[in-house]
(Lines of atoms letter the chains of each structure in order from A and count residues from 1; the text may use other names and numbers.)
(Lines give C-alpha, C1' and ligand atoms only; values in the text may rest on other atoms or scores of the structure.)
Protein backbone atom coordinates (compact mmCIF):
# COMPACT_ATOMS: atom_id res chain seq x y z
CA UNK A 1 0.00 0.00 0.00
CA UNK A 2 1.39 3.38 -0.94
CA UNK A 3 2.47 5.90 1.70
CA UNK A 4 0.10 8.46 0.18
CA UNK A 5 -2.88 6.17 0.48
CA UNK A 6 -1.92 5.13 3.98
CA UNK A 7 -1.56 8.72 5.18
CA UNK A 8 -4.90 9.60 3.62
CA UNK A 9 -6.45 6.97 5.85
CA UNK A 10 -4.78 8.44 8.91
CA UNK A 11 -7.21 11.30 9.20
CA UNK A 12 -10.13 9.04 9.98
CA UNK A 13 -8.51 8.28 13.30
CA UNK A 14 -10.22 9.44 16.46
CA UNK A 15 -8.49 9.60 19.80
CA UNK A 16 -7.25 6.03 20.08
CA UNK A 17 -8.19 4.02 16.97
CA UNK A 18 -5.83 3.67 14.02
CA UNK A 19 -6.23 1.59 10.86
CA UNK A 20 -3.91 -1.39 10.58
CA UNK A 21 -2.13 -0.08 7.49
CA UNK A 22 -0.24 2.58 9.42
CA UNK A 23 1.26 0.43 12.14
CA UNK A 24 4.59 0.46 10.36
CA UNK A 25 4.43 4.13 9.45
CA UNK A 26 7.57 6.05 10.47
CA UNK A 27 8.04 9.66 11.47
CA UNK A 28 11.20 11.71 11.06
CA UNK A 29 12.56 10.52 14.41
CA UNK A 30 12.34 6.91 13.27
CA UNK A 31 9.59 5.91 15.71
CA UNK A 32 7.25 3.16 14.61
CA UNK A 33 3.60 4.10 14.97
CA UNK A 34 2.73 1.13 17.18
CA UNK A 35 5.29 2.44 19.68
CA UNK A 36 4.38 6.00 18.77
CA UNK A 37 0.88 5.76 20.24
CA UNK A 38 1.62 3.52 23.22
CA UNK A 39 0.54 5.11 26.50
CA UNK A 40 3.38 5.75 28.92
CA UNK A 41 3.54 6.85 32.53
CA UNK A 42 4.08 10.40 31.31
CA UNK A 43 0.72 10.22 29.54
CA UNK A 44 -1.00 9.49 32.82
CA UNK A 45 0.62 12.35 34.71
CA UNK A 46 -1.49 15.47 35.26
CA UNK A 47 -1.00 18.13 32.62
CA UNK A 48 1.27 20.99 33.50
CA UNK A 49 -1.05 24.01 33.82
CA UNK A 50 -0.52 26.95 31.52
CA UNK A 51 -0.61 30.14 33.58
CA UNK A 52 0.47 32.93 31.23
CA UNK A 53 -2.32 35.45 30.75
CA UNK A 54 -1.70 35.75 27.04
CA UNK A 55 -2.13 31.98 26.67
CA UNK A 56 -5.58 32.28 28.20
CA UNK A 57 -6.38 34.98 25.65
CA UNK A 58 -4.79 33.05 22.77
CA UNK A 59 -1.98 35.55 22.27
CA UNK A 60 -4.11 38.69 22.62
CA UNK A 61 -3.74 41.33 25.31
CA UNK A 62 -6.73 42.08 27.51
CA UNK A 63 -7.42 45.22 25.49
CA UNK A 64 -7.12 43.42 22.16
CA UNK A 65 -9.42 40.68 23.39
CA UNK A 66 -12.07 43.20 24.44
CA UNK A 67 -11.81 44.98 21.08
CA UNK A 68 -12.24 41.76 19.10
CA UNK A 69 -15.29 40.69 21.08
CA UNK A 70 -16.80 44.16 20.82
CA UNK A 71 -16.84 43.79 17.03
CA UNK A 72 -17.98 40.17 17.18
CA UNK A 73 -20.95 41.25 19.30
CA UNK A 74 -21.71 44.01 16.79
CA UNK A 75 -21.52 41.45 14.00
CA UNK A 76 -23.94 39.22 15.91
CA UNK A 77 -26.39 42.12 16.28
CA UNK A 78 -26.07 42.91 12.60
CA UNK A 79 -26.81 39.32 11.65
CA UNK A 80 -30.00 39.34 13.72
CA UNK A 81 -31.08 42.66 12.21
CA UNK A 82 -30.52 41.50 8.65
CA UNK A 83 -31.98 38.04 9.20
CA UNK A 84 -34.69 38.18 11.90
CA UNK A 85 -36.13 34.84 10.70
CA UNK A 86 -36.68 32.46 13.59
CA UNK A 87 -35.68 35.05 16.20
CA UNK A 88 -37.95 35.20 19.25
CA UNK A 89 -36.91 37.92 21.66
CA UNK A 90 -39.24 36.48 24.32
CA UNK A 91 -37.41 33.17 24.44
CA UNK A 92 -36.24 32.63 28.03
CA UNK A 93 -34.41 29.30 27.73
CA UNK A 94 -30.77 29.13 28.59
CA UNK A 95 -29.87 28.42 24.97
CA UNK A 96 -26.14 28.85 25.49
CA UNK A 97 -25.86 25.82 27.80
CA UNK A 98 -28.29 23.82 25.71
CA UNK A 99 -26.37 24.62 22.51
CA UNK A 100 -23.08 23.44 23.97
CA UNK A 101 -24.64 20.08 24.86
CA UNK A 102 -26.69 19.77 21.71
CA UNK A 103 -24.61 17.96 19.12
CA UNK A 104 -22.92 15.35 21.31
CA UNK A 105 -22.80 11.99 19.67
CA UNK A 106 -25.64 9.75 20.87
CA UNK A 107 -23.57 6.59 21.08
CA UNK A 108 -19.98 7.54 21.75
CA UNK A 109 -20.53 10.72 23.76
CA UNK A 110 -18.04 12.80 21.78
CA UNK A 111 -18.32 16.16 20.07
CA UNK A 112 -18.48 15.51 16.35
CA UNK A 113 -17.16 18.92 15.27
CA UNK A 114 -15.77 20.43 18.49
CA UNK A 115 -14.30 23.47 16.73
CA UNK A 116 -17.84 24.86 16.26
CA UNK A 117 -18.36 25.18 20.01
CA UNK A 118 -15.74 27.86 20.65
CA UNK A 119 -16.33 31.47 21.59
CA UNK A 120 -14.44 32.93 18.65
CA UNK A 121 -15.21 34.03 15.13
CA UNK A 122 -16.95 31.15 13.32
CA UNK A 123 -16.29 29.10 16.45
CA UNK A 124 -12.56 28.52 16.15
CA UNK A 125 -10.89 31.51 14.42
CA UNK A 126 -8.84 33.91 16.57
CA UNK A 127 -9.06 37.38 15.02
CA UNK A 128 -6.74 40.29 15.60
CA UNK A 129 -8.48 43.61 16.38
CA UNK A 130 -7.87 45.07 12.93
CA UNK A 131 -9.35 41.96 11.30
CA UNK A 132 -12.45 42.07 13.50
CA UNK A 133 -12.95 45.76 12.79
CA UNK A 134 -12.53 45.27 9.04
CA UNK A 135 -14.98 42.37 8.96
CA UNK A 136 -17.64 44.35 10.84
CA UNK A 137 -17.21 47.59 8.90
CA UNK A 138 -17.47 45.86 5.54
CA UNK A 139 -20.47 43.83 6.69
CA UNK A 140 -22.06 47.10 7.80
CA UNK A 141 -21.50 48.67 4.38
CA UNK A 142 -22.11 45.77 2.02
CA UNK A 143 -23.76 42.97 3.97
CA UNK A 144 -20.67 40.88 3.33
CA UNK A 145 -17.45 40.24 5.21
CA UNK A 146 -14.39 41.50 3.40
CA UNK A 147 -11.88 38.74 4.04
CA UNK A 148 -9.77 36.79 1.59
CA UNK A 149 -11.19 33.27 1.26
CA UNK A 150 -10.75 30.31 1.02
CA UNK A 151 -7.06 31.09 1.39
CA UNK A 152 -5.80 34.23 3.09
CA UNK A 153 -4.55 36.72 0.52
CA UNK A 154 -2.05 38.85 2.43
CA UNK A 155 1.56 37.91 1.69
CA UNK A 156 2.41 39.02 5.23
CA UNK A 157 0.35 36.12 6.56
CA UNK A 158 1.71 33.43 4.25
CA UNK A 159 4.52 31.19 5.40
CA UNK A 160 7.76 30.95 3.45
CA UNK A 161 7.61 27.49 1.80
CA UNK A 162 11.39 27.43 1.37
CA UNK A 163 11.95 27.43 5.14
CA UNK A 164 10.74 24.92 7.75
CA UNK A 165 7.78 25.97 9.88
CA UNK A 166 8.88 25.85 13.51
CA UNK A 167 6.48 24.44 16.08
CA UNK A 168 6.59 23.61 19.78
CA UNK A 169 4.40 22.57 22.71
CA UNK A 170 3.74 24.63 25.82
CA UNK A 171 3.56 21.59 28.10
CA UNK A 172 -0.22 21.36 28.37
CA UNK A 173 -0.47 18.18 26.26
CA UNK A 174 0.47 14.67 27.31
CA UNK A 175 3.23 12.97 25.34
CA UNK A 176 0.65 10.80 23.61
CA UNK A 177 -1.36 13.84 22.50
CA UNK A 178 1.83 15.44 21.23
CA UNK A 179 2.52 12.36 19.13
CA UNK A 180 -0.95 12.51 17.54
CA UNK A 181 -0.51 16.22 16.76
CA UNK A 182 2.85 15.48 15.16
CA UNK A 183 1.23 12.76 13.10
CA UNK A 184 -1.17 15.35 11.65
CA UNK A 185 1.78 17.64 10.85
CA UNK A 186 3.51 14.71 9.19
CA UNK A 187 0.46 14.23 6.99
CA UNK A 188 0.60 17.89 5.85
CA UNK A 189 4.32 17.38 5.20
CA UNK A 190 3.74 14.33 3.02
CA UNK A 191 1.08 15.90 0.79
CA UNK A 192 2.63 19.36 0.29
CA UNK A 193 6.08 20.91 -0.07
CA UNK A 194 5.86 22.29 3.48
CA UNK A 195 8.25 21.10 6.20
CA UNK A 196 7.80 21.27 9.97
CA UNK A 197 10.56 21.29 12.60
CA UNK A 198 10.02 20.99 16.35
CA UNK A 199 11.99 23.40 18.52
CA UNK A 200 10.74 23.69 22.09
CA UNK A 201 13.54 26.15 22.88
CA UNK A 202 12.58 28.73 20.25
CA UNK A 203 11.67 32.06 21.83
CA UNK A 204 11.60 34.40 18.86
CA UNK A 205 10.46 34.47 15.25
CA UNK A 206 7.40 32.97 13.58
CA UNK A 207 6.40 29.66 15.10
CA UNK A 208 3.33 27.64 16.01
CA UNK A 209 2.86 26.83 19.70
CA UNK A 210 0.36 24.10 20.54
CA UNK A 211 -1.64 24.62 23.73
CA UNK A 212 -4.93 23.31 25.14
CA UNK A 213 -6.26 26.38 26.92
CA UNK A 214 -9.18 27.35 24.67
CA UNK A 215 -10.92 24.45 22.96
CA UNK A 216 -10.11 24.11 19.27
CA UNK A 217 -8.87 27.46 17.94
CA UNK A 218 -6.26 29.11 15.72
CA UNK A 219 -5.29 32.30 13.95
CA UNK A 220 -5.48 32.30 10.17
CA UNK A 221 -2.08 32.36 8.49
CA UNK A 222 1.32 33.42 9.81
CA UNK A 223 1.66 36.15 12.44
CA UNK A 224 2.56 39.24 10.33
CA UNK A 225 4.99 40.65 12.90
CA UNK A 226 7.12 37.54 13.21
CA UNK A 227 5.84 36.35 16.59
CA UNK A 228 4.55 33.08 17.97
CA UNK A 229 0.95 32.09 17.36
CA UNK A 230 -1.09 29.67 19.40
CA UNK A 231 -3.09 26.71 18.14
CA UNK A 232 -5.35 25.43 20.91
CA UNK A 233 -6.20 21.73 20.89
CA UNK A 234 -8.11 20.68 24.00
CA UNK A 235 -8.65 16.94 24.71
CA UNK A 236 -11.85 16.81 22.63
CA UNK A 237 -9.86 18.19 19.67
CA UNK A 238 -7.21 15.46 19.66
CA UNK A 239 -8.54 13.75 16.55
CA UNK A 240 -6.46 13.86 13.41
CA UNK A 241 -9.19 15.41 11.26
CA UNK A 242 -9.81 18.21 13.77
CA UNK A 243 -6.07 18.81 14.17
CA UNK A 244 -5.67 18.98 10.38
CA UNK A 245 -8.53 21.53 10.31
CA UNK A 246 -6.88 23.80 12.89
CA UNK A 247 -3.43 23.47 11.30
CA UNK A 248 -5.05 24.42 7.98
CA UNK A 249 -6.23 27.65 9.64
CA UNK A 250 -2.69 28.33 10.85
CA UNK A 251 -1.39 27.78 7.31
CA UNK A 252 -3.93 30.21 5.85
CA UNK A 253 -7.28 28.47 5.27
CA UNK A 254 -10.60 30.04 6.19
CA UNK A 255 -13.93 28.15 6.16
CA UNK A 256 -15.41 26.87 2.92
CA UNK A 257 -19.09 27.78 3.23
CA UNK A 258 -18.39 31.53 3.53
CA UNK A 259 -17.07 31.82 -0.03
CA UNK A 260 -18.93 34.48 -2.04
CA UNK A 261 -20.05 31.85 -4.57
CA UNK A 262 -21.59 29.65 -1.88
CA UNK A 263 -25.17 30.58 -2.89
CA UNK A 264 -24.63 28.63 -6.10
CA UNK A 265 -24.09 25.45 -4.07
CA UNK A 266 -25.81 25.73 -0.67
CA UNK A 267 -28.76 27.50 0.86
CA UNK A 268 -28.28 29.09 4.29
CA UNK A 269 -31.40 28.51 6.40
CA UNK A 270 -31.37 31.71 8.43
CA UNK A 271 -34.58 30.84 10.27
CA UNK A 272 -32.90 27.77 11.81
CA UNK A 273 -29.67 29.42 13.01
CA UNK A 274 -29.13 30.13 16.70
CA UNK A 275 -29.85 33.82 17.29
CA UNK A 276 -26.32 34.49 18.53
CA UNK A 277 -24.68 32.87 15.51
CA UNK A 278 -26.20 34.51 12.43
CA UNK A 279 -23.22 36.81 12.03
CA UNK A 280 -21.11 33.69 11.42
CA UNK A 281 -22.88 33.04 8.11
CA UNK A 282 -22.42 36.36 6.31
CA UNK A 283 -20.49 36.03 3.06
CA UNK A 284 -17.27 37.79 2.06
CA UNK A 285 -16.81 40.59 -0.41
CA UNK A 286 -16.51 38.90 -3.86
CA UNK A 287 -13.80 41.35 -4.95
CA UNK A 288 -11.47 40.10 -2.23
CA UNK A 289 -11.33 36.36 -2.78
CA UNK A 290 -8.36 34.07 -3.36
CA UNK A 291 -9.46 30.54 -4.20
CA UNK A 292 -6.70 29.94 -6.80
CA UNK A 293 -9.21 28.58 -9.29
CA UNK A 294 -10.21 25.65 -7.04
CA UNK A 295 -14.00 25.11 -7.15
CA UNK A 296 -16.38 25.02 -4.20
CA UNK A 297 -15.85 21.77 -2.34
CA UNK A 298 -18.67 19.99 -0.46
CA UNK A 299 -16.12 17.53 0.91
CA UNK A 300 -13.67 20.11 2.28
CA UNK A 301 -12.46 19.53 5.82
CA UNK A 302 -13.09 23.29 6.26
CA UNK A 303 -16.86 23.09 5.54
CA UNK A 304 -19.51 23.50 8.23
CA UNK A 305 -21.80 20.52 8.77
CA UNK A 306 -25.50 20.56 7.88
CA UNK A 307 -26.73 21.54 11.35
CA UNK A 308 -23.93 23.86 12.48
CA UNK A 309 -25.11 26.53 14.96
CA UNK A 310 -28.73 25.31 14.73
CA UNK A 311 -31.42 26.45 17.19
CA UNK A 312 -32.61 22.88 17.73
CA UNK A 313 -31.20 19.43 17.09
CA UNK A 314 -33.18 18.53 14.00
CA UNK A 315 -32.90 21.80 12.04
CA UNK A 316 -30.69 22.23 9.01
CA UNK A 317 -28.75 25.49 8.81
CA UNK A 318 -27.08 24.60 5.49
CA UNK A 319 -28.92 22.76 2.71
CA UNK A 320 -27.13 21.63 -0.42
CA UNK A 321 -28.87 22.50 -3.69
CA UNK A 322 -28.22 18.95 -4.91
CA UNK A 323 -29.86 16.91 -2.15
CA UNK A 324 -27.52 13.95 -2.51
CA UNK A 325 -24.57 16.08 -1.34
CA UNK A 326 -26.21 16.76 2.04
CA UNK A 327 -24.36 13.99 3.89
CA UNK A 328 -21.05 14.99 2.30
CA UNK A 329 -20.61 18.35 4.01
CA UNK A 330 -19.01 18.74 7.44
CA UNK A 331 -16.70 15.71 7.46
CA UNK A 332 -13.64 15.78 9.73
CA UNK A 333 -12.10 12.49 8.63
CA UNK A 334 -9.60 13.55 6.01
CA UNK A 335 -8.39 16.42 3.88
CA UNK A 336 -10.23 16.48 0.58
CA UNK A 337 -8.31 16.32 -2.67
CA UNK A 338 -9.21 19.96 -3.34
CA UNK A 339 -8.04 21.03 0.15
CA UNK A 340 -4.64 19.57 -0.71
CA UNK A 341 -4.70 20.94 -4.25
CA UNK A 342 -5.37 24.49 -3.04
CA UNK A 343 -2.59 24.34 -0.44
CA UNK A 344 -0.17 23.14 -3.12
CA UNK A 345 -1.29 25.82 -5.58
CA UNK A 346 -0.63 28.53 -3.02
CA UNK A 347 2.66 27.28 -1.59
CA UNK A 348 4.14 24.77 -4.02
CA UNK A 349 3.28 25.82 -7.58
CA UNK A 350 6.92 26.57 -8.44
CA UNK A 351 8.50 23.45 -6.93
CA UNK A 352 8.38 21.29 -10.07
CA UNK A 353 9.82 22.83 -13.23
CA UNK A 354 7.86 20.50 -15.53
CA UNK A 355 4.13 19.89 -15.32
CA UNK A 356 3.13 16.31 -16.08
CA UNK A 357 0.18 15.28 -18.32
CA UNK A 358 -1.89 14.08 -15.37
CA UNK A 359 -5.27 12.48 -15.98
CA UNK A 360 -8.54 12.37 -14.03
CA UNK A 361 -8.00 15.76 -12.38
CA UNK A 362 -4.54 14.97 -10.98
CA UNK A 363 -1.58 17.37 -10.85
CA UNK A 364 2.20 17.17 -10.53
CA UNK A 365 3.15 16.03 -7.03
CA UNK A 366 5.40 18.65 -5.36
CA UNK A 367 6.98 15.88 -3.25
CA UNK A 368 7.73 13.72 -6.29
CA UNK A 369 7.93 15.76 -9.46
CA UNK A 370 8.08 12.61 -11.61
CA UNK A 371 4.57 11.51 -10.56
CA UNK A 372 1.07 12.92 -10.38
CA UNK A 373 -0.94 13.33 -7.20
CA UNK A 374 -4.22 11.61 -7.97
CA UNK A 375 -7.81 12.01 -6.79
CA UNK A 376 -9.16 9.28 -4.55
CA UNK A 377 -9.79 6.14 -6.58
CA UNK A 378 -6.90 6.55 -9.02
CA UNK A 379 -3.19 5.73 -9.00
CA UNK A 380 -0.27 5.32 -11.39
CA UNK A 381 2.32 7.80 -12.61
CA UNK A 382 -0.30 9.82 -14.49
CA UNK A 383 -3.45 8.70 -12.57
CA UNK A 384 -4.22 6.34 -15.42
CA UNK A 385 -5.03 3.33 -13.22
CA UNK A 386 -7.93 2.51 -10.92
CA UNK A 387 -6.79 2.09 -7.31
CA UNK A 388 -6.85 -1.59 -6.28
CA UNK A 389 -9.03 -2.78 -3.42
CA UNK A 390 -7.69 -2.70 0.13
CA UNK A 391 -8.64 -5.44 2.59
CA UNK A 392 -10.65 -7.22 -0.12
CA UNK A 393 -10.46 -8.17 -3.78
CA UNK A 394 -12.85 -5.64 -5.28
CA UNK A 395 -13.18 -2.65 -7.57
CA UNK A 396 -11.56 -2.06 -10.94
CA UNK A 397 -12.65 -0.91 -14.39
CA UNK A 398 -16.06 -2.12 -15.59
CA UNK A 399 -17.17 -1.69 -19.19
CA UNK A 400 -20.96 -1.34 -19.20
CA UNK A 401 -23.41 -1.78 -22.06
CA UNK A 402 -27.16 -1.75 -22.54
CA UNK A 403 -27.73 -4.56 -20.03
CA UNK A 404 -27.48 -4.19 -16.28
CA UNK A 405 -24.13 -5.02 -14.62
CA UNK A 406 -24.18 -5.60 -10.85
CA UNK A 407 -21.45 -4.79 -8.32
CA UNK A 408 -21.43 -4.63 -4.52
CA UNK A 409 -19.47 -4.16 -1.32
CA UNK A 410 -17.21 -7.06 -0.27
CA UNK A 411 -19.12 -10.21 0.70
CA UNK A 412 -22.58 -8.72 0.12
CA UNK A 413 -25.16 -9.63 1.41
CA UNK A 414 -22.88 -10.71 4.27
CA UNK A 415 -21.30 -7.89 6.25
CA UNK A 416 -18.17 -6.14 5.04
CA UNK A 417 -15.28 -5.53 7.44
CA UNK A 418 -13.98 -2.31 8.92
CA UNK A 419 -11.11 -0.82 6.91
CA UNK A 420 -12.05 -2.26 3.50
CA UNK A 421 -11.94 -0.06 0.40
CA UNK A 422 -13.05 -0.53 -3.20
CA UNK A 423 -12.87 1.79 -6.22
CA UNK A 424 -14.75 1.29 -9.49
CA UNK A 425 -14.50 3.13 -12.81
CA UNK A 426 -17.64 2.46 -14.87
CA UNK A 427 -17.15 3.19 -18.57
CA UNK A 428 -19.87 3.47 -21.23
CA UNK A 429 -19.26 3.28 -25.00
CA UNK A 430 -18.47 6.46 -26.90
CA UNK A 431 -21.48 8.75 -27.17
CA UNK A 432 -23.27 7.12 -24.24
CA UNK A 433 -23.50 7.77 -20.50
CA UNK A 434 -23.58 5.55 -17.40
CA UNK A 435 -26.76 5.11 -15.38
CA UNK A 436 -26.40 3.67 -11.86
CA UNK A 437 -29.02 2.57 -9.32
CA UNK A 438 -28.80 1.10 -5.81
CA UNK A 439 -30.71 -2.16 -5.32
CA UNK A 440 -31.24 -4.51 -2.38
CA UNK A 441 -30.66 -3.74 1.29
CA UNK A 442 -28.37 -0.81 2.12
CA UNK A 443 -26.46 -0.17 5.36
CA UNK A 444 -23.45 2.12 5.90
CA UNK A 445 -22.53 3.69 9.25
CA UNK A 446 -23.59 7.33 9.65
CA UNK A 447 -24.38 9.93 12.30
CA UNK A 448 -28.12 10.18 11.71
CA UNK A 449 -28.56 13.04 14.14
CA UNK A 450 -25.85 15.04 12.39
CA UNK A 451 -26.77 14.02 8.82
CA UNK A 452 -23.18 12.99 8.11
CA UNK A 453 -21.60 9.91 6.55
CA UNK A 454 -18.85 8.15 8.48
CA UNK A 455 -18.56 5.10 6.18
CA UNK A 456 -19.97 5.67 2.71
CA UNK A 457 -20.42 4.92 -0.96
CA UNK A 458 -19.33 7.98 -2.94
CA UNK A 459 -20.39 8.56 -6.55
CA UNK A 460 -18.55 11.04 -8.76
CA UNK A 461 -20.54 11.77 -11.91
CA UNK A 462 -19.21 15.18 -12.99
CA UNK A 463 -16.65 16.05 -15.63
CA UNK A 464 -13.95 16.59 -12.98
CA UNK A 465 -13.13 13.63 -10.75
CA UNK A 466 -11.06 15.91 -8.49
CA UNK A 467 -14.31 17.15 -6.95
CA UNK A 468 -15.81 15.30 -3.99
CA UNK A 469 -18.88 13.33 -5.03
CA UNK A 470 -22.25 12.50 -3.52
CA UNK A 471 -21.97 10.29 -0.43
CA UNK A 472 -24.59 7.70 0.49
CA UNK A 473 -24.88 6.09 3.92
CA UNK A 474 -27.24 5.25 6.81
CA UNK A 475 -30.06 2.75 6.33
CA UNK A 476 -32.52 2.24 3.50
CA UNK A 477 -31.78 1.91 -0.19
CA UNK A 478 -31.22 5.29 -1.91
CA UNK A 479 -33.85 5.78 -4.61
CA UNK A 480 -31.68 8.03 -6.74
CA UNK A 481 -30.94 7.07 -10.34
CA UNK A 482 -27.54 8.58 -11.07
CA UNK A 483 -26.29 9.46 -14.55
CA UNK A 484 -22.78 10.44 -15.53
CA UNK A 485 -21.93 13.67 -17.31
CA UNK A 486 -19.48 11.83 -19.58
CA UNK A 487 -18.81 8.22 -20.54
CA UNK A 488 -17.21 7.63 -17.12
CA UNK A 489 -18.57 7.34 -13.59
CA UNK A 490 -16.54 6.69 -10.40
CA UNK A 491 -17.85 4.78 -7.37
CA UNK A 492 -15.85 4.67 -4.10
CA UNK A 493 -16.64 2.35 -1.17
CA UNK A 494 -14.94 3.42 2.09
CA UNK A 495 -15.40 1.69 5.48
CA UNK A 496 -13.29 3.56 8.03
CA UNK A 497 -15.22 2.87 11.22
CA UNK A 498 -17.46 -0.21 11.26
CA UNK A 499 -18.57 -3.27 9.37
CA UNK A 500 -22.11 -3.57 8.06
CA UNK A 501 -24.41 -4.94 5.37
CA UNK A 502 -23.05 -2.61 2.69
CA UNK A 503 -24.65 -2.08 -0.71
CA UNK A 504 -25.48 -3.59 -4.05
CA UNK A 505 -25.86 -1.53 -7.22
CA UNK A 506 -26.34 -1.99 -10.93
CA UNK A 507 -25.19 0.06 -13.90
CA UNK A 508 -25.79 0.21 -17.63
CA UNK A 509 -25.04 2.39 -20.63
CA UNK A 510 -27.69 4.71 -22.05
CA UNK A 511 -27.65 6.62 -25.32
CA UNK A 512 -26.97 10.27 -24.71
CA UNK A 513 -30.03 11.13 -26.79
CA UNK A 514 -31.83 13.35 -24.34
CA UNK A 515 -32.54 16.95 -25.19
CA UNK A 516 -31.18 19.87 -23.24
CA UNK A 517 -33.36 22.89 -22.64
CA UNK A 518 -31.82 26.31 -23.14
CA UNK A 519 -29.22 27.51 -20.67
CA UNK A 520 -30.40 29.82 -17.93
CA UNK A 521 -28.88 33.32 -17.83
CA UNK A 522 -25.43 33.57 -16.26
CA UNK A 523 -25.35 34.48 -12.59
CA UNK A 524 -23.47 37.70 -11.73
CA UNK A 525 -19.71 37.35 -11.67
CA UNK A 526 -18.37 36.97 -8.13
CA UNK A 527 -15.41 39.34 -8.75
CA UNK A 528 -14.93 42.46 -10.84
CA UNK A 529 -11.52 41.83 -12.42
CA UNK A 530 -8.38 39.72 -12.66
CA UNK A 531 -10.10 36.37 -13.46
CA UNK A 532 -10.79 36.12 -9.72
CA UNK A 533 -14.49 35.46 -10.10
CA UNK A 534 -16.81 32.81 -11.44
CA UNK A 535 -20.33 32.67 -12.79
CA UNK A 536 -22.79 29.83 -13.28
CA UNK A 537 -25.68 28.80 -15.51
CA UNK A 538 -27.92 25.72 -15.53
CA UNK A 539 -30.00 23.66 -17.96
CA UNK A 540 -32.51 20.82 -17.76
CA UNK A 541 -32.39 17.49 -19.64
CA UNK A 542 -35.59 15.88 -20.90
CA UNK A 543 -36.50 12.77 -22.94
CA UNK A 544 -33.63 10.50 -21.90
CA UNK A 545 -29.99 10.89 -20.91
CA UNK A 546 -28.00 13.92 -21.97
CA UNK A 547 -24.25 14.04 -22.39
CA UNK A 548 -22.62 16.88 -20.52
CA UNK A 549 -23.23 18.79 -17.31
CA UNK A 550 -26.49 20.41 -16.15
CA UNK A 551 -24.40 23.12 -14.49
CA UNK A 552 -21.62 25.16 -16.09
CA UNK A 553 -19.16 27.32 -14.17
CA UNK A 554 -16.93 29.81 -15.93
CA UNK A 555 -14.14 32.18 -14.97
CA UNK A 556 -15.32 35.71 -15.67
CA UNK A 557 -14.18 39.34 -15.73
CA UNK A 558 -10.75 38.37 -17.03
CA UNK A 559 -9.61 41.92 -17.71
CA UNK A 560 -6.64 42.84 -15.48
CA UNK A 561 -7.29 44.73 -12.27
CA UNK A 562 -6.05 48.29 -12.23
CA UNK A 563 -6.42 51.30 -10.04
CA UNK A 564 -5.87 51.20 -6.30
CA UNK A 565 -5.83 48.13 -4.09
CA UNK A 566 -5.54 47.78 -0.32
CA UNK A 567 -2.04 46.66 0.72
CA UNK A 568 -0.68 45.82 4.15
CA UNK A 569 2.60 47.57 4.98
CA UNK A 570 4.91 46.82 7.88
CA UNK A 571 7.07 49.71 9.00
CA UNK A 572 8.87 51.06 12.03
CA UNK A 573 6.84 53.39 14.19
CA UNK A 574 6.39 54.78 17.67
CA UNK A 575 5.75 52.24 20.40
CA UNK A 576 2.76 52.35 22.67
CA UNK A 577 2.23 51.50 26.31
CA UNK A 578 5.25 50.82 28.52
CA UNK A 579 7.63 50.62 25.54
CA UNK A 580 6.94 54.28 24.72
CA UNK A 581 8.91 55.18 27.85
CA UNK A 582 12.06 53.49 26.59
CA UNK A 583 14.36 55.80 24.68
CA UNK A 584 15.37 54.66 21.20
CA UNK A 585 12.98 51.72 21.00
CA UNK A 586 11.04 51.39 17.74
CA UNK A 587 8.16 48.99 17.10
CA UNK A 588 6.93 47.35 13.92
CA UNK A 589 3.45 48.40 12.90
CA UNK A 590 1.13 47.14 10.18
CA UNK A 591 -1.16 49.55 8.36
CA UNK A 592 -3.38 49.43 5.30
CA UNK A 593 -2.60 51.78 2.41
CA UNK A 594 -4.18 52.22 -1.02
CA UNK A 595 -1.59 51.75 -3.76
CA UNK A 596 -1.59 50.76 -7.43
CA UNK A 597 -2.55 47.11 -7.70
CA UNK A 598 0.51 44.85 -7.80
CA UNK A 599 -1.26 41.74 -8.98
CA UNK A 600 -3.34 42.40 -12.04
CA UNK A 601 -4.54 38.78 -12.02
CA UNK A 602 -5.51 36.21 -9.41
CA UNK A 603 -2.93 33.52 -8.47
CA UNK A 604 -2.50 31.04 -11.30
CA UNK A 605 -3.31 33.62 -13.99
CA UNK A 606 -1.09 36.03 -15.91
CA UNK A 607 -1.72 38.83 -18.39
CA UNK A 608 -1.60 37.67 -22.02
CA UNK A 609 -2.97 39.88 -24.77
CA UNK A 610 -4.66 42.19 -22.32
CA UNK A 611 -6.49 39.35 -20.52
CA UNK A 612 -5.78 37.20 -17.46
CA UNK A 613 -5.28 33.61 -18.62
CA UNK A 614 -3.93 30.42 -17.02
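Just so it is clear, glycine is given a Cβ too, placed from its N, Cα and C backbone atoms.
Feature annotations, courtesy of Swiss-Prot:
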- 1-24: signal peptide (SIGNAL)
- 150-349: domain 'Peptidase M12A' (DOMAIN)
- 190: N-linked glycosylation site (CARBOHYD)
- 245, 249, 255: Zn(2+) binding site (BINDING)
- 344-384: domain 'EGF-like' (DOMAIN)
- 394-510: domain 'CUB' (DOMAIN)
- 461: N-linked glycosylation site (CARBOHYD)
- 513-562: domain 'TSP type-1' (DOMAIN)
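Structure coloured by features recorded in Swiss-Prot.
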residue : record                      : DSSP (3 states)
190     : N-linked glycosylation site : helix
245     : Zn(2+) binding site         : helix
255     : Zn(2+) binding site         : coil
461     : N-linked glycosylation site : coil
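Of all the Cβ atoms in the protein chains shown, 24 others lie within 10 Å of the Cβ of residue 255 (Zn(2+) binding site). Distance noted between the C-alpha atoms of residue 249 (Zn(2+) binding site) and residue 190 (N-linked glycosylation site) is 18 Å. Here the binding-site residues are 245, 249, and the one with the most other Cβ atoms within 10 Å of its Cβ is 245. Taken residue by residue, the domain 'CUB' (394-510) breaks down under DSSP into 3 helix, 63 strand, 51 coil. Each residue contributes its Cα atom, and for residue 190 (N-linked glycosylation site) and residue 461 (N-linked glycosylation site) these two points are 29 Å apart.
Non-local neighbourhood of residue 461 (N-linked glycosylation site): 434, 469, 470, 482, 483, 484, 485, 489, 490, each in the same chain, at least six residues away, with C-beta under 8 Å from its C-beta. Other residues of the same chain near the Zn(2+) site, with their Cβ within 8 Å of the Cβ centroid of 245, 249, 255, are 115, 122, 124, 125, 218, 246, 248, 253, 254, 301, 302.
Along the domain 'TSP type-1' (513-562), the predicted structure has mean pLDDT 81. Per DSSP, the secondary structure of the domain 'EGF-like' (344-384) breaks down as 4 helix, 11 strand, 26 coil.
With a 10 A radius on its CB, residue 190 (N-linked glycosylation site) counts 16 other CB atoms from all the protein chains.
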